Each structure stands twice: as C-alpha cells, then as structure tokens.
Amino acid sequence: MFRLHSLSALAELAVGSRCYHGGSQPTQMKRRLMMVAFLGASAVTASTGLLWKRALAESPPSVNNPKSELGDKGKNKDEGEVCNHEKKAADVCLEPHPEEKKKKRSGFRDRKVMEYENRIRAYSTPDKIFRYFATLKVINEPGESEVFMTPQDFVRSITPNEKQPEHLGLDQYTIKRFDGKKIAQEREKFADEGSIFYTLGECGLISFSDYIFLTTVLSTPQRNFEIAFKMFDLNGDGEVDMEEFEQASCPGNIIRSQTSMGMRHRDRPTTGNTLKSGLCSALTTYFFGADLKGKLTIKNFLEFQRKLQHDVLKLEFERHDPVDGKITERQFGGMLLAYSGVQSKKLTAMQKQLKKHFKEGKGLTFQEVENFFTFLKNINDVDTALSFYHMAGASLDKVTMQQVARTVAKVELSDHVCDVVFALFDCDGNGELSNKEFVSIMKQRLMRGLEKPKDMGFTRLMQAMWKCAQETAWDFALPKQ
C-alpha cells in the first residue's frame, strides 16, 4: 500500500515538472498540476503516518513505547474482548516465578529513582523522610488534615532500594475524608488485629510522632532501655508511671536525643510535623491502662519492642510475595544484605553465589527467618562466642554456628538456613565462615541502618580538622622543655 501510493505520487510529480518547465501549458494548467502534486504528497504523508501508527500498535511495549491499546480503532468491541481473554490465558500459562517478575521492574529510570530515595533515607531529616514516604492524608469533619503512614509505608521508609509507588512522593498523598464508619470498615486494610500497629489507633495508621517513637524503639538496643528504666525508676521497684516514662522515651528525652533520627529532627510548624508533648492516647492506654494510673515494667516494654520487631520482619517477609508460605534463598539473602553497605560489584557476586548453590531451592518459611533474626538480636554475644572459637583454633563451620545459636539465643537454626548463610559469607569456599565480615554486616542488619549519622560527614570532618589545628597551635605556643 505504501509502495503504490509512493510510486503514483512520484509519477505525478515527474509529469508535472516536465509540463511546468516545458512552458507548453497555460498558467491554469500549471496551477492544477501543482495542486495535484500537493494532494499526492499529502496522501503519501497520511498513509505513512497510518502505517507507522499501526506498526507502533503491533510492537511489544517498552520504556519509550508503552502499549496503551490492544488493536486499531477499526476493531470492534467483541474482537477486543477475545484478544483480552487470549492474552490472559497466555499470561496464566507463561506466568514467571515471582522472583523473575521483580527483575523486570528495575529499568534505568527505576534505578535512578531508587538511588535518589536511598539518599533521602540516608541524609534527610525525619520530617522530609516522613513526608516523602507517607501516602495518606486524612481530612476530618471540621476540614483539618493530617498526614499518616501505613505500616507498609513505614517499612518502605527504612528499607533501601524499595521504590515509592508512582505518583506518590514528597507532599503527594492519597486523600481520604474522615468517616468513622467507613474508616472502621477499612481497619483490616492497614493493620491486623494482632499487630502492634493496631494499638496505635487511627486504623493502624502512623502519625509523625508515632514514626519518631517507633524508629527510636527500633534503633535503640535493649540494654539502653534497661539502663534508662533504672535511671528513672526513682523508688527502685522496677516500675515507672506515665510521667517518668515520658521523661525517658518521649519528645525531648534522653534516649531519643541519642539516636540519629532524634539528633536530626527539628520541629517544623509549617509542615505540621511537630512532636507532641506525649505518646498518642492509644499507646498510653496500651502501656498504662484506660485510667493511665498503671505501671510499666521493663519486661512489658521489651515485649513491646519484640512485637514491633516481629511485625516489621513479617511485613518485610510478605513484601517478597511468598509462595506456599516460603521465600526463595536469593530473597532471604537480599534481606540479610539490605543494610550492609556492600559495594554493588561485591553484592552482585554474593547474589550469584546464592544462585549457583540454590538453582532449585526449597525456600525458607517465616519461622526459619524469624529464628535467624532472633539469633541476630544477640549478635554481640555471638561475636564474643565466635571469637572464642577462633582463638581456640576451632573452625567456624555450620555445626559451630548452630551450637552458638542454641547456647546464646536459645533458638534452633535449620541446616538450610545455615547453608544459605555460608553460601553468602564463605568467601573461599572451604566451608568456614568469614567471621569479621559476617558479624559487621549482621550488626548493620539488626539496626536497619538507623544508627548511622544522618549527614555526609562534612561537618564532622571540619570539626575534627578544627580540633586538630587547635591542638597543634597549642603545642607550638608552649615552649619545649
């Protein structure tokens, strides 16, 4: 079709040109020939455009050519439905493994967006992190609005390489009007009844004050809370009331000011992200009872911390779309290395080791994953125990790791979990663990990167240089004896 139109148009142009330059035709004929030539060129352009549009419609989708239609405009509705059914059937037959689905999403644009979001997690203030990763703005009946995170948003805000959903970003939210009955019906959507997020109120949603409190709980070691409770337990009975607890763990307190989040936070009334004077009403009721006259023991608070860590780990596990309650070995390795800070080339090599060892892996259940992370909670004691083995000349093999887990953390590590860990950290392939690298990476994984300072180090570098210059000048000023 394109070839016929082109040949006819060129023939018309050739005839018109000869007649025009020959001078044998009158002026009216020349104009008529020019009009025919113009119409022929227009027909060629139109036919070329139609053919190009059809070629785009029939080509597979790509980054620059997203497929938005299933056929030409001339196709009727029934043909479109048949195509849809055939496409769905083909997708069912050729449905890839869940891990393969996740590989296809990381294009060039996605990688750059994830790098930008990782910088936000690493260097931005808590206010900006919250405003970027929160996805809901609830408007109440008087017209006042407040921004909230869902539990999934909270996990995404502390997990590297987890991309924010499209069209949601800094100060971009999904708007929800306050309707008590409707919100109550959607409660299960945000948090399960057994989840610690359910106790926060607001249907399991997380306000800015809750966000700071939860990150403080996650980033503070258990030993620090034990010391803080003893400091503010004035009568020494092992219990604190609400006033004493607010001094120890709420806005403006000692513990929060020692965390990287707390040191970076500044109240910003313009954005509405200011820390309130106390815990939310749901948490105070959870800790101190309905009348707020109860006592909180360190045992109960550490149980709250344990439940929070369990719920966050559960959300991380479910994010990998487990099949029959299991995730793949590579996904488990990704969970272990998420906060490692390992260079990309080495990270790729470690992932290839897993792929080589577990081509047809049997997967890991949540119970196996939770047991290993319970083992990691005692990583300092594990480090000491492994050092003793190393100094005694014993090899750090899988049996040794299982023995340390039983002795230190009181958990059983399955043989399959140990196989995955050794495939990651057995650098020379001799069946022995690289102790230092394993412990350093696992310490970062336990704290989820929340203990790192939220700056690029320039201020600390200048302070160190200034201190060095002062000491050097003082040494020059003093006479040598």
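Every residue gets a Cβ built from N, Cα and C, even glycine.
What Swiss-Prot records for this protein:
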type    : residues                     : note
REGION  : 101-112                      : region 'Polybasic region'
DOMAIN  : 220-255                      : domain 'EF-hand 1'
BINDING : D233, N235, D237, E239, E244 : Ca(2+) 1 binding site
DOMAIN  : 413-448                      : domain 'EF-hand 2'
BINDING : D426, D428, N430, E432, E437 : Ca(2+) 2 binding site
MOD_RES : R460                         : asymmetric dimethylarginine
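Here the domain 'EF-hand 2' (413-448) has Cβ contacts under 8 Å with residues 158-159, 218-219, 329, 332-333, 335-342, 350, 353-354, 357-358, 362, 364, 368-369, 371-373, 375-377, 379-380, 382-383, 386-387, 390, 395-398, 401-402, 405 of the same chain, all six or more residues outside its ends. When Cα-Cα distances from E239 (Ca(2+) 1 binding site) are compared across the binding-site residues D426, N430, E432, E437, the shortest belongs to E437.
The distance from the Cα of D237 (Ca(2+) 1 binding site) to the Cα of E432 (Ca(2+) 2 binding site) comes to 47 Å. Comparing Cβ neighbour counts within 10 Å across the binding-site residues E244, D426, D428, E432, E437, the minimum falls on D428. Averaged across the region 'Polybasic region' (101-112), the predicted model reaches a pLDDT of 70. Here the domain 'EF-hand 2' (413-448) is broken down by DSSP into helix, strand and coil counts: 24 helix, 0 strand, 12 coil. Closest in space to N430 (Ca(2+) 2 binding site), of the binding-site residues given as D233, N235, E244, is D233, taking the CA atom of each residue. Under the three-state DSSP scheme, E244 (Ca(2+) 1 binding site) falls in the helix class.
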